[in-house]
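Over in TrEMBL, the protein carries these features:
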type	residues	note
DOMAIN	1-138	domain 'Nucleoside diphosphate kinase-like'
BINDING	9, 57, 85, 91, 102, 112	ATP binding site
MOD_RES	91	phosphothreonine
ACT_SITE	115	active site, pros-phosphohistidine intermediate
MOD_RES	122	phosphoserine
Ligand code: DAT
Ligand code: MG
């Protein structure tokens, strides 16, 4: 089953949105297979956002993501990578549709509440840098037979 990496950013943690965000993916029908509250080191932040190294906002982005704890998660489900991106909404909350996480809770692009992998390759990469294999829990959910 497909897996993705999702993370409540420091603004989402401070604004008490962990439960709301977890709840949205639970209610959708996806399955949580890993989760932890953690601080991100500068090194991890630079690795995670490596694709944006040359962008003018890179320094700001690294400062922000290391500014407080994040809630890192791995979720599983059919088409979960693309569907989670849809549930998150556009990168800039001003363009994110109401009903999406960024549309409902964000205002500016710098503080947009949630991160989610954007492709199968980035999901594998990001899960690998944030989680050890033994932190991911494989288990059968009985509700899955009412979802699939
Ligand atoms: P996403 O988080 O939707 O995958 P991204 O990978 O293009 O978006 O950018 C990563 C983060 O960088 C994004 O969540 C917020 C920040 N960011 C993107 N574009 C920005 C900009 N023009 N100014 C400031 N921050 C920006
Ligand atoms: Mg991205």
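Glycine too: its Cβ is placed from the backbone N, Cα and C atoms.
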Review point. When the domain 'Nucleoside diphosphate kinase-like' (1-138) is classified with DSSP, how many of its residues are helical, how many are strand and how many are coil?
Key: 62 helix, 26 strand, 50 coil
Check your understanding: Whole-number Å distance between the CA of residue 102 (ATP binding site) and the CA of the residue listed as 'phosphoserine'?
Key -> 20
Exercise for review: Select one residue from 91, 112, 122: among these recorded positions, choose the one with the most other Cβ atoms within 10 Å of its Cβ.
Suggested key: 112
Review point. How many whole Å apart are the CA atoms of residue 115 (active site, pros-phosphohistidine intermediate) and residue 57 (ATP binding site)?
Key: 16
Review point. Taking the recorded positions 91, 112, 122, which residues show a Cβ-atom distance to ligand 1 below 6 Å?
Key: 91, 112
Review point. Which of 102, 115 (the recorded positions) has the most other Cβ atoms within 10 Å?
Key: 102
Study note, to complete from the structure: One residue among the binding-site residues 9, 85 has the fewest other C-beta atoms within 10 A of its C-beta, namely 85
Study note, to complete from the structure: Residues near residue 57 (ATP binding site) by Cβ (under 8 Å) yet at least 6 apart in sequence within the same chain, in sequence order, are 110
Check your understanding: When the Cα of the residue listed as 'phosphoserine' is compared with the Cα of each of the binding-site residues 9, 85, 91, 112, which one is closest?
Key -> 85
Practice item. Give me the mean pLDDT over the domain 'Nucleoside diphosphate kinase-like' (1-138), rounded to a whole number. Key: 98
